[in-house]
Amino acid sequence: MPMAITRFSYSTILALLYLSLLHLVTSFPSSNGQIDYNYNYNYYDSSCPRLGMIVKYGVWAAFKNDTRIAASLLRLHFHDCFVNGCDASILLDDTIDFRGEKNALPNRNSARGYEVIESIKADVEKACPSTVSCVDILALAARESVLLSGGPYYPLSLGGLDGLTASEKAANEQLPSPFEPLENITAKFASKGLDIKDVVVLSGAHTIGFAQCFTFKRRLFDFKGTGKPDPTLDSSAVANLQGMCPNKDASNSKLAPLDSASTYRFDNAYYVNLVNRTGLLESDQALMGDSKTAAMVTAYSSDSYLFSADFASSMVKMSNLGMLTGSNGQIRKKCGSVN
């Protein structure tokens, strides 16, 4: 019996070592659908060993001064990856050759955190010149934001390159809108290789952050021309939000928490809100209008561990969308401009 235990333990250790080695080198579809093995989780261990600490401190310093920045950096990462893949194109300023994504409708006067990424990039350049891409810094900063807010850790495949251009038109067309019906949003996710579960799970990022009043105000006063509030929004929530966002243009840019129960804490309260009909955005509450997505919402509302595990998995998928290698990209010296 002791020998059997020894052999079992030894084989188990070998299996775990094998799996851990597989874990270091990950494969996923590139933009042309082929499997690419160039990215790995420890990509910068030798070339920039202090990278993790530099990013961690940069995000922490920003978070200390502005707790909203965690949600902003996570959103910046999402808006980058959702437009032609994860390539840091959202960080590029407009040039004479292209109109970039910063001024696209979903980002204008809304996307935040550019200066945080640029500051971290400057520190990284001092430590490791021309080594770490802006797209990897943005992905790491987004993960650090999730962790700082109490959310789950998830592995990131590193080694992607920065894009050489950006497109305002692509951002306007490809990013989901809070005014769109669920089927449209699901179709946009599907076009990226993300499924209905990813829609529900990644929407859970709205457990932190704020939205401007104009993104949900039509739910409060004249929903779809009825002259009445959205019937899917709880009446007490309507009254509270009407006080925060009066029916005047001057209130359009005012902010309301996406998750009033735990505004700065990454948890599953977002799903509890949806079950209780207090979701802020129309596109969020719409998840309760479909039987399949409603079942997932209900499951996450009662199981925070399930949400954390699934969120980590979906973030891994999203962070790998269309990453660049070779002559398709570069390592920018400054994130706001191509070298």
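Each Cβ is built from the backbone N, Cα and C atoms, and glycine gets one as well.
The signal peptide annotation in TrEMBL covers 1-27.
Taken from TrEMBL, the feature disulfide bond applies to C48-C128 (among others).
The site 'Transition state stabilizer' annotation in TrEMBL covers R75. Sequence-distant neighbours of R75 (site 'Transition state stabilizer') (same chain, six or more apart, CB under 8 Å from its CB) are A111, R112, A205, G209, listed in sequence order.
TrEMBL lists D80, V83, G85, D87, S89, E101 with the feature Ca(2+) 1 binding site.
Around the Cβ of C81 (disulfide bond), a 10 Å sphere holds 28 further Cβ atoms from the protein chains shown. Sequence annotations record features per position, and here TrEMBL assigns disulfide bond to C81-C86 (among others).
Per TrEMBL, disulfide bond is recorded for C134-C335 (among others). For C335 (disulfide bond), the number of other Cβ atoms no farther than 10 Å from its own Cβ, over all displayed protein chains, is 23.
For P176, the entry in TrEMBL reads substrate binding site.
The local packing around C245 (disulfide bond), expressed as other Cβ atoms within 10 Å of its Cβ over all shown chains, amounts to 23. Marked as disulfide bond by TrEMBL: C213-C245 (among others).
Sitting within 8 Å of the Cβ centre of D80, V83, G85, D87, S89, E101, and not among those site residues for Ca(2+) 1, are the Cβ atoms of H79, C81, F82, N84, C86, A88, I90, G163, A166, A170, A171. Comparing C48 (disulfide bond) with C134 (disulfide bond), their Cα atoms are 14 Å apart once rounded. Neighbours of G85 (Ca(2+) 1 binding site), defined as other CB atoms within 10 A of its CB across all chains, total 19.
Each of the recorded positions C48, V83, C86, C134, C213 was scored by the number of other CB atoms within 10 A of its CB, and the lowest score belongs to C48.
Considering only the recorded positions C86, C134, P176, C213, C335, the residue whose Cα is spatially closest to the Cα of D80 (Ca(2+) 1 binding site) is C86. Relative to C134 (disulfide bond), the recorded positions with Cα atoms inside 10 Å are D87, the candidates having been C81, V83, G85, D87, P176.
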